[in-house]
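The block underneath contains the structure these notes are about, expressed in structure tokens.
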Amino acid sequence: LGHFLSPRQKCFLFAVQEIFGYKTQGCHKALCIAGYILSCGALLLLFYWKPEWDVWANCIPCSLEEADVVLLRTTDEFQRYTRKKVTWIDLSALPLPDGSNSECPLVADKDSVINRAAKKPQLKVRCIQVQKIRYIWDFSVKQFKRVGSLEDSNTCHSIHHKFGAGLTREDQKIRQLVCGPNAIEVEIRPIWKLLFKEILNPFYVFQAFTLTLWLSQGYIEYSVAIIVLSIISVGLTVYDLRQQSTKLHDLVEEHNKVQVTVCMKREGCKELESRYLVPGDVFLLDRKKLSLPCDAVLIDGSCVVNEGMLTGESIPVTKTPLPLTESPMPWKTHSMEDYRRHVLFCGTEVIQTKPTGRGPVRAVVLQTGFNTAKGDLVRSILYPKPMNFQLYRDAFKFIIGLSAIGVLGLIYTVCVFTYHQVSTKPVAEVVAMALLLLTVAVPPAIPAALTTGTVYAQRRLKKKKIFCITPQRINICGQINLVCFDKTGTLTEDGLDLWGVLPSEGSRFQEIHKFPSSTPLPWGPVCGAMASCHSLVVLDKKIQGDPLDLKMFEGTHWSFKAGDWKIKPAPVEGIAILHQFPFSSGLQRMSVVSQKIGEEQYDLYMKGAPEIVSSLCRQETVPADFLKELKTYTSQGFRVIALAHKVLSLGKDVDVSDLEREEAESGLVFLGLLVMENRLKQETKPVLRELAAARIRSVMVTGDNLQTAVTVARSAEMIPKASKAIIIEASEPEGSTPASIAWQLAEDSKASTDSVQNNYMNKCLDGESCNYHFAMNGKSYQVLVKHFYSLLPKILVNATVFARMSPGQKSSLVEELQKLNKNCEAPLKVCVCVGGGNASPASFFCGFQALKMAHAGISLSEQEASVASPFTSQIPNIQCVPELIREGRAALVSSFAVVKYLTLYGLIQFVGTALLFWVSLQIFGNHQYLIQDVVITLLVCLTMSLTEAYPKLAPYRPPGQLISPPLLLSVVLNVCFTVTMQTCVALLARDTQPAALVVGPAQPRAHGGFTVLSYEDTTLWPLTTINCIIVAFVFSKGKPFRKPIYTNYVFSVLLALQLAVCLFLFFADFDAVYRAGFGPSPLMLCHLTPQDVLLQNKHLWMLIKACFGYQSKSQYRKWQRMLQRDPNWPPVNTKDFAAKRMAEVYVNPSYEHGG
């Protein structure tokens, strides 16, 4: 995992951060302290902003083994640094087991990292704490290793035998000290800490400097207004952060103090508070209900768990014990994807326990504290994945640019003083003037103005029952051009309706039994399978469980009475379910062992994916037309489940829980097909059409059958009728045969070159024509990633259906789609939309990762907000997707308009002030600045973003970057016009000034006798003010992303009043000063023509690009153009082989991390 990079060492922490070792030097530290004092704390503030500079200044590089400080750097595009101090844990004071000071292990488990981390004979452990997770130094491999979990290398046998009897008291004490408490502790951050963190933002520091300067020069009104606004803004932010911190603390705190019964070696069982649990402890599930305080693996007995706290869906899940086998493989590898069925996750609730004859239900603690599944969930909230908010980065660049212009203004001021040879003025006054011109160029309202668009958009979304926990992502939604939809509960209805049963007898299909029917389903093996092969439980006298199982059971008309499953018109008294082999997404099946009441015969019933179930049946019992019938129903969009049965030859008093699943689930008799109907939601087609018309690509990612998914995609018009559907089937290498990929045309693909109906659906992203769509299942996708990775981008460009996708594969797919256009000027923005109740308990953790990984994750849920998703919609259909995109586009355009307006406002004021200073060595008066800053600019910034989103989605996205030719040209042309107009007016005013005009002294902005009212002043100020108003009007363009400006009543009335007041002040005859004023120049209207006709004309820019042969540098577009020119693409009815067999195995990190 790690290697030396001389002279410093580097290794990786969970593939996210790099770590570098440093040692503190006394002389370096002394010099830094002197720097802090001499700079009056400025150097300390700089080190606060740049922790890596702090480490580099105070320390010298060294190996991690010698380091007392480590520097962590993220491996993403942001390259963020974090400083951590290396600490020591002293174990010498603990009562240690005999021989611990010699070569004997410190804890009984010889494979534990604790034995390799303890430095002997001092018995000290080096550690660091990173994002709530503790890492200890492993001397054997020279790396920091995560602690707080049982080693994954443990086999099923070792877990039973090492930990089955519990830990000794000494082991427990050592693990408690090294691993830390089993508690998910979220600190309620003190208000003063939140306040300091907020006000130490670089912009607020610059703002404080600016306001101090303005107050010292007597500009009190606006300074106070900005201070009040800043206090309100900071106060609201701190209040919001404090509320979130309190809510999260209250959410997790109640589960930190749960009483559990712990079994200890040689001491028996005793009550213990859950915070003292450590990995390896054994505890009893002896109560009917228990909120689990840790992640644990079940080793004896079974239980029913409600995982609704994590999944949002209160469906009971049956957990089974870890098998006691001699397999040498690690227990997770041995159990494959099924291992989650043995794991009890922290935060879930045990609602029923089923002990075996060997004693009460027992579990071994796997992970504690923040290492648990719930801990990971909380950590993802505390330390969210950083998003690349291009708008904020570009806005910061604008501020840097304006600051540079301000520095030029500072130099200009000194030059003007020198030119006019004003030697009598004090140096302090010259410096003050220079600094004032520096601060004029950078408007202090930029941070507040940037948030107004998202705040208003968030408020509008809330009215539409769409809730957001990360408002910054609203702007990103304006750039979305690809949406991944789940199928069941998202595109189709939540529940499945039982359509019919197609029984099989004598290797032939019989007449179908449809539902609902006046004739009840006759008793037989099919009825027995439907009545017993499920995971339903009875809680509070109500049958609960998976909706599919409920529908299937209701179709039998069975009832529950006196603890048994009963059927009224049947020759059997009832059926007892003795054992369950639970459903696994990897195995795609489940089965139960049952026994008819009063009989000795044992039956095994199975249900699952038809392809899997038929392969486990005796082939003579499978009808010859099985595949034909299966395709008949799947091609109509039905969901099909196969049923099978087997009579088990078991003796009396046998323990059915000891049965091997592979042996029991073999040689079955095929019973038939269960046909479930899953209808499209009424809103699905119109929404997909709207997205397609806006050139936003739709992709289906589901766990359902591939043929069913393709059929639903055609029904929903994701795959148009005139387009081909190409099925990709990829196979792993077998022996000497390399991995292969087959391209088969779907049977229902009859695209005609003459028929081009629904042409708007025949468009790919950004308008490229597309008459073929790829479809594949999860197995083929994984083979592509492992063996055909170079082909993957070509396929993803036109892949529309992904079926039988595991949660990890869904996360991987989102990541690969994002890579298609990474680091381009128009990156691919991916949205994921899933039904809130659709995530199964086994798949929640990786589904959560997929939602978080996407640029915009939307969960359809009745909850007001979900920690699993940035956006939660109470609208139970996909109508929320275009709504979110509309509001995102409006918010993005509003934010761009505000930034451009503030930039020009600052430059207009800067140019006016500079010219006035040049011609008369004075600046505008305080009240003149106040009108421009508060009455004009501040009110414009607060109301400009009130314009609502345009109801129709345009077939193109708004610009995603401020640093783009149209937007920059807009600012540059306006600045050029402003400079030209104001310079001409200033020169004309100076040259035509009446000689007899006398101006009395007024309150100076800068002390020392400078007059404020003058002929040039009263000429330039109205023009600059009206210029600001016109710029606000010009940058408030409505269509195609926002409604017309006149629909924003507050803003329109405000602009009209502002313009009226300015014209009144300009023409009013209050003083002799105004008699010499100039009327508004007709040239002011020149703003409108270039802005609307040239700069914001999308078609004109497209024409210019076409004339110059410009082609997008987007990697996605390059793939599209290349594939369009390739005559051999797409391949159809062919088979390709991998060039060479890849040695590595693809493992999705988030999928593996899910357990």
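Heads up, the Cβ atoms here are built off N, Cα and C, so glycines get one too.
Among the ranges 191-208, 1019-1036, the stretch that TrEMBL annotates as transmembrane segment is 1019-1036. Beyond the ends of the transmembrane segment (929-946), by six or more residues, the same chain brings 219, 221-222, 225, 229, 443, 445, 448-449, 452-453, 456-457, 891, 894-895, 897-898, 901-902, 905, 909, 1005, 1024-1025, 1028-1029, 1032, 1035-1036, 1048, 1050-1051, 1054-1055, 1058, 1061 to within a C-beta distance below 8 angstroms of the stretch.
Mean pLDDT for the domain 'P5B-type ATPase N-terminal' (18-138) in this predicted model: 85.
When Cβ-Cβ distances below 8 Å are used as the criterion, the transmembrane segment (395-419) is approached by residues 203, 425, 430, 433-435, 437-443, 446, 450, 899, 903, 906-907, 910, 914, 917-918, 921, 962-963 of the same chain, each at least six residues removed from its ends.
DSSP assignment over the domain 'P-type ATPase A' (257-381) gives 31 helix, 49 strand, 45 coil.
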